[in-house]
Every structure is written in structure tokens, then in C-alpha cells.
């Protein structure tokens, strides 16, 4: 009945009862249900024996401490748990730990005030007199109420008698019986009007119930301490100063308070990454200033300065997107955050395409010039390259516009599992995160990644095709390959880590920002730092063909190597390198004299009458060529054949009809036009055959392009005209 009455009162005060459990023997099942229903404040109604079992179960279920508050009857005997501890399976220290802080509720046996009561005594005087008359007899905590109850009966009878005397003189109090409802109502009204100060406090009745004083005690350090009282007459709760000790920093909550907390990006982290981003933009601005200032330099002009500006612009757009990725709900409103979702995606996408599109466009021009024979003499202007970059950006814009129109990015909130409060408060934190998502996020990202992947593959193809271009100012294939490799690896790693750290915004933002900073910085440095170094050290070397620089560079290396020779192996290596350098130098000399050789050869095709007009310097040049060929091909089979030709007796082979020439000076006879014609007839095919491998001709292992190696030039038929040999050359 008490529980039912309490339930009605609580519902009337808008207090929710989460659960009600009853038990007769084992309370542990009921305690588990209370915990499962997240009940924090428990009102218990049981005797001392059952209280020991309840608190043992509470200890096992960890339903004690700062998060729970037990309220039980306060009329238990002093040290009541010691009588029943042996009947439970709980240790004494565990039981006391679970009991610590419970609040007992009981009526106040005597008033603590010092006012005189209706009997003329104070409550303290009454208690002293009562204990004196009681002696060693057992005390009852209700003796004060019994004493005040006698006074209530006396005052009620007196008030009823006065009422009867004043209203109905024929009816007396002696006429009372239990069937006389009229007289019973007079008694009830008289009792409700009775009010006086007794030894238990203010004595007042409402609806037949005594309105008294309720005291509250708390179990603190193995003893009960009074912490306050409630005066039902005045409806006033009095708490003794600093007497209540809660286990936590504040009173326990009636249930688990769930507080949603937005996980935001740390301001120091955002500041550090923003500082790095600003440094990157300053570096990009320095490269832009360098490119504009030196745009008329041959090295920069050959590397397409306008395309370089676009590369820098793309890098700066990528840098700028970092600032937008770091702005979340702690900095901007929800509507602004949703707008930033779209803006940062556009900026990063366009910046990526602008940078790599410009890089690949100028590489395509090099590929078109050096690889496509039909376009070899055509001029590909920067306007066409700008059109290529614009076409790439147009594809980007089409994808982004369709994305925005069909399925735009929205602000979504993702809730995670509850976590304990780091500050130790009796609340649970439910982290929430803001994301930029839409319905078909995977499909749109797949389209963007596929397009960017094809762009990267196209760049790799161009880099591979132009890897053998011998002009350093035009050949960026190595740097493009390094850029594509670094960007590809970092993007894959960054995307994977970013996906795995969705619930950690600081880690996710740090990874995304560092990937963008690393990729943009590496790309800009690979494009511009080599040009900066070359322009300061040797600007002309980068615009020349590497094949014509080889001899000079090799000589420098030989001079450096020769100064550091300290052993036989190093000396041998230096000598070998010197011979190779000399060999290449002589081959270059052959290339330079090729024009003169062809001119002399064409003159020799004319009639014998014209051959006498060949200049003497042409003869000397031809002799130089022949001597050079003898040196350069000293390791090949041609050398032996050439010496055999020179050792032959020309008059015996050709049968000269001028006998007078035998008596002339040998040197003059050797340099005569007839001898030169004979030498050319023998050595020009050999020279032509040895020169062909250097320009991609027949294999040098072949002794002659006309006859077998075993055939002797002495028995070879030589026609009067050299047209076949010249056409072969």
C-alpha cells in the first residue's frame, strides 16, 4: 500500500518511474534488471536482512559509487548490517563499499527545537524525564508520538464538547457511538482543526493524516549521519550545511545523460598546417616570379613559360583547398559548411587538372615534334597547348556540374558510440561528425578517380616516349615520372588512411593536408628547381644537344679523374676513358667533315678533264679523313682491310698508260688526281660502311656493303664511274 501511494504521488509530480521490481528471496535478478533499464536512483523498501543481500548484489553489478543513489528506510537498528553479514556471501568491505552514501528516510522521533510544547516542557526536557521514568526498560522510538497523540485526543474531545455546547445543547459527548455519523464527523472536524507544538514538532492533521517532520540520514564511513529534515507542515526542506557527501563531483543523475559533442579540428593543428600551406604558396609565388622574370631566357622559353605559369596556378589552387578542408562546424555555420563542401571539391579538382594538364600538354608538344615525322617541321604554339588544358578542364567542369545538379553534396551528421566523459562527470559523450556526402558518393568519386587516373597514365606515356630527347630544356620525362609516382603513391595512401580515420577528424585533416602539401611541393620543385640551378650554373648547356656536349664533359671528367689516380686500376680506368673520349671526338670530326667529303665525291663523278681542277686543300682533307678513319676503326676489321688497300701497288692494278709518271717525285705522284681517284675507289666504300653504324646504318661487323669480306680489292672490278658508290653514301 505504501508503494502504491508513493507511485501515485510521484506520477502527480511528473516524476517518471522507470521500473518496479519485487522479490522474495534472491534480489540479484531484480538488481540486474534495474541496471539494464539504466535506473540510477533506487527507492528500496525491505528489512535489514534483505538489505544486506541487495547491497551485495549491487556490489557485484557495480551499482554503487558516483553514478547511483540508494534511498532505503531509516528505521533500521544501529549497526544493523553486522547482524546479517554472516548470512550473505559478501565480504564485509565489499558490503560497506556498496552501502557507502545511501540515504535513510525516517520520521523525526523528537523535535530538535527548544520551544516549549503544549505541556509546558521543551522536547529536551520531555526526553530527559521520559528516560528517567523508563529506567532500564526498552525504549520505543514512537514514545514522543504517543505522548503527542494523547494531547491530540484531549484537544479533539475538548473542541468537540465546546462545539456541542454551543450548537446543540440536547446532545452530549457521552451519547457517542460508532453508528452516530453526525457525531463522528464533529470529531473528525475537531481533529483537523487541532494544531499545537508537541515534543515531535508541529502537530497538524490533513485529511486524517499526521503532518510531521521527516529526517534524512546518510551512511558515511560506517555510521549514519543526519544530513537534513523535511517539515511537512511548512513544506520546507532543510539541509545541514556541507553534510551530504556525494561520491562524485555532483549529485547522481536520474539516468544516463547523453551529451552530443561535435568532434572538431584542433585549432593548433589547423594553425600549423595553415602555416605550412602559406609557406608552400610563398614558394609557388617565388617560382612564378622566377618564371616571369626569366621568360626571355632561352632555357625558360624552350620550357614553355605559359605552361609553367599554369602549373604554378594549379599548385596554388591545391594549396588553397587546404584552408577550406580545415573549416568545420566549430568555425562556420551549417549552411556555410554545406557550401564549402562543394567549393573545396571544385578547387582541388580544377587545381589538379590545371597543374598536371599543363605539364602533360607541353610534354605532348615535345613528343609531337620528335616522334611524329609528319609534324616535324610544323610549329605548335602555346595557344594550342592552352586549348588542350582547356579541354581537360572542360571535362572536369562537365563532371562537377553534373555532380552538383544531379546529386549535390550535403552536410550529414554521423553519430558514434557513447564514450565516458573525460572530465569524470556523470554523463556519456556521443561524438558526432560532420561529413560532405550525397546519395551516390561512391559512383561520383569513381568517375573522378577514373578520369584522373587516365590523365596520369597519359602523362606516363608521354614521359616514356620522350625519355630519349637529348635537349635537357625540353626533356622533363624524368621529373614527370617522379611527380606521377609520388602523387600516385601519396594519393592512394592518403585516400586509404583518410577512409580509415573517418571518426578522427584531426587525423583525417592532417593526412589530407600533408598529402596535398607534399604532392604540390614535390611537383613544383621537380619542375622549377632544376631550371633554377641550370640557369645559374650553365644556362647554355641545357639548350644544346647532349650528344655534342659529351666530348667536353668527358674531358672534364678525365681531368678530374686523372688528378685523383692513386692506384693502377684507377690509372687504367682513366686511360680507357681518355681513349673513349678521343674516339668520340674523332667521330664528331667525321661528322663535321661529312659535307666536304660529299662535295669532293660529287666532283670526282665528273669527267676526267674536270678532275684536274680539284683544289689541293680537298686532297689534304681527304687524306685527313682517311687517317682519321684508320684511327677510329683500329679495333674493327676495317683497319686491316684499309691497310691492305694502302699497301697495294696502284700502277700495277690500274695499268697507267703514262710511263713518264714513274720518274716523278713519289710525294707528287701520290697526291696526283689519278692516285686520289684510285684511293677513293678503294677506301670510300670502306669509309661509307664504317660511318653507317654511327647514323643507324648496317652493322659494323660487315666488312663491305658490296662484296664479301674475303674478296680482295686487287681482283675487284672497279667501274669507271663512282655513281653506285656515291648513291650508296
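If you go along the chain as it appears here, the first residue is 1 and each next one adds 1.
Using the three backbone atoms N, Cα and C, a Cβ is placed for every residue, glycine included.
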According to TrEMBL, which of these ranges is transmembrane segment: 410-433, 506-529, 530-553, 554-577? 506-529
Of 443-464, 597-618, 619-640, 641-662, the range TrEMBL labels transmembrane segment: 443-464
Labelled transmembrane segment by TrEMBL, one stretch among 467-483, 484-500, 671-687. Can you tell me which? 484-500
Which range is transmembrane segment per TrEMBL? Of 343-364, 695-716, it is 343-364
Could you tell me what the rest of the chain brings near the transmembrane segment (310-331), counting residues at least six beyond its ends with Cβ under 8 Å? 262, 264-265, 270, 273-274, 277, 280-281, 284-285, 287-288, 291, 337, 340, 343-344, 347-348, 350-359, 386, 389, 434, 505, 509, 512-513, 516-517, 519-520, 523-524, 527
When counting Cβ pairs under 8 Å to the transmembrane segment (343-364), the leader among 267-290, 443-464, 506-529: 443-464
